[in-house]
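Worksheet: one structure, shown below.
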Protein chains: 2
Amino acid sequence: MTESHSARTVFIVSDGTGITAETFSHAVLSQFEQVSFTPVRIPFIDGAEKAAEAVRRINRCADEEKQPPLVFSTLVNPEVAFVVRQANCSFLDLFGTFIRPLEEALGLKSSHSVGRSHMGGLGAQYQKRIEAINFTLAHDDGQYVRGLEQAEVILIGVSRCGKTPTSLYLAMQYAVKAANFPLIPEDFERGTLPATLAPYRKKLFGLSIDPKRLSEVRTQRRPDSKYATLEQCVYEVAKAERMMRIEGVPCLSTTARSIEEISTKVLEEIGLNRSSY
Amino acid sequence: MTESHSARTVFIVSDGTGITAETFSHAVLSQFEQVSFTPVRIPFIDGAEKAAEAVRRINRCADEEKQPPLVFSTLVNPEVAFVVRQANCSFLDLFGTFIRPLEEALGLKSSHSVGRSHMGGLGAQYQKRIEAINFTLAHDDGQYVRGLEQAEVILIGVSRCGKTPTSLYLAMQYAVKAANFPLIPEDFERGTLPATLAPYRKKLFGLSIDPKRLSEVRTQRRPDSKYATLEQCVYEVAKAERMMRIEGVPCLSTTARSIEEISTKVLEEIGLNRSSY
């Protein structure tokens with residue numbers, strides 16, 4: 001038994017993309033650090049034939065690894081789920097497990113219908129999301145100032161502190177129109193926020209970063225530049241943080257935080273209660 | 001009882017961002033179409049004090065709405081989960097429910113440790129993700145040809161068919177270096193793929209779209225332009241699809257598909273088995 005603990009294949013079987021189920025399985029499985037898990041997504045399983053093919057794949061894996069793999073299922077259709085459950089595996093039914101208690105809590109029957117979890121390409125929600133992505137791309141790194149009044153948040157901070165990935169995540173996941181604007185040495189010499197931003201003071205949110213980390217990131221981009229030296233990074237970060245403090249702009253460190261965490265903190269701080277996709 | 005069915009508040013309580021739990025709750029709750037759900041995320045609940053505050057918030061809501069709200073929990077710490085469970089609510093324990101069966105399947109104890117589900121900002125995985133986002137931004141819309149050999153996939157298609165959001169999602173969610181390149185009327189007149197793309201034939205993946213839908217999207221961008229007319233859209237889409245067929249480039253319609261679905265199909269087709277974040 002003991003050596004079989006070291007590695008495990010995990011199948012994520014879904015009638016949709018399986019992305020949520022995979023992220024969820026990461027989270028739960030991270031509680032078993034002793035094991036190295038290999039996730040394999042099997043998406044779009046929407047009928048008995050595809051389910052049978054998934055079963056064959058799972059059984060092949062069980063034979064090869066001489067132990068039943070884990071299967072996380074988000075199959076909505078109970079008949080399809082029943083087929084997959086017959087595979088030689090430990091079956092974890094993410095969907096079915098919660099439908100019964102929800103039916104009780106709501107006093108209603110579920111519709112057991114497949115593929116509802118993501119809206120297709122024609123929904124108004126989808127449209128909003130694409131618009132937010134386009135807006136964010138156009139207003140990345142202060143490149144385009146027109147239309148800035150439409151921004152729901154404007155991230156500011158020194159070059160390479162994490163503004164771009166955070167803006168894009170906010171747009172992609174929450175349909176938030178997120179612009180971003182760099183703070184550069186010129187601003188620090190002048191000692192005030194860029195004039196362009198003055199009308200949007202309330203939408204500003206600052207990102208900062210540990211200077212050592214910043215120097216590493218910048219070195220990857222432009223090795224041996226003054227821009228990447230620790231000295232320059234210490235200077236810029238100190239000046240930027242001071243400016244935000246004086247101007248009353250809320251500020252968050254991106255060091256050791258994931259893009260998801262930073263984005264969630266930004267939404268909390270600016271008081272946007274936004275649903276994710 | 002009957003009228004109380006129409007609307008429900010859903011709290012998502014997590015020690016992390018709660019993003020996965022919220023997406024998951026969407027999927028499950030979409031099975032109850034009769035009810036309109038209002039999701040409220042309560043993130044970063046990592047101690048007894050914050051848990052007590054969450055309980056007060058949930059109870060306030062129960063009083064106001066005169067019915068217990070739903071609570072989806074991904075709290076890892078059993079003591080914190082225990083506190084929240086005492087609220088006046090229907091408590092759905094996404095995490096705890098699966099830990100026990102997993103302990104059995106693996107023959108191991110879980111570590112009950114909080115905040116493992118997303119790597120912080122210093123991991124190698126995070127670095128790969130940021131690199132992919134930077135690559136994708138630099139190679140959006142064919143704007144930058146140098147370094148195209150590093151692309152893992154190059155999406156091609158007519159203007160506004162969905163290349164940019166799909167590329168960004170692939171980068172953000174899977175750390176895939178995804179470039180994209182537009183097919184324009186000039187290419188159709190010449191009748192061959194852009195010469196720049198010739199060395200990367202195997203990395204190409206085509207996106208297409210229903211011409212009517214395309215015309216709508218383009219009209220929003222540039223109303224009353226030739227570019228947005230149905231006639232022009234019909235012409236471009238037909239030419240683009242024909243070119244892909246002749247050149248043997250796999251092609252997928254983005255109409256009525258979510259960004260998640262398109263991205264998953266692209267990964268499947270090009271045979272990249274990539275874990276999501």
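Here the Cβ of each residue, glycine as well, is placed from N, Cα and C on the backbone.
In this structure, A:GLY157 (ADP binding site) is part of a beta strand by DSSP. Per TrEMBL, ADP binding site is recorded for A:GLY157, A:VAL158, A:SER159, A:ARG160, A:CYS161, A:GLY162, A:LYS163, A:THR164.
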Residues near A:GLY157 (ADP binding site) in space but at least six apart in sequence (CB under 8 A): A:LYS163, A:ASN180, A:PRO182, A:LEU183, A:GLY206, A:LEU207, A:SER208, A:ILE209, A:ALA240
Least buried by Cβ count (within 10 Å) of the binding-site residues A:SER159, A:THR164: A:SER159
For A:CYS161 (ADP binding site): intrachain residues, at least 6 apart, with Cβ closer than 8 Å: A:LEU207, A:SER208, A:ILE209, A:LEU214, A:THR254
Filtered binding-site residues - A:GLY157, A:VAL158, A:SER159, A:CYS161, A:LYS163, A:THR164 - keeping only those with Cβ under 8 Å from chain B: A:THR164
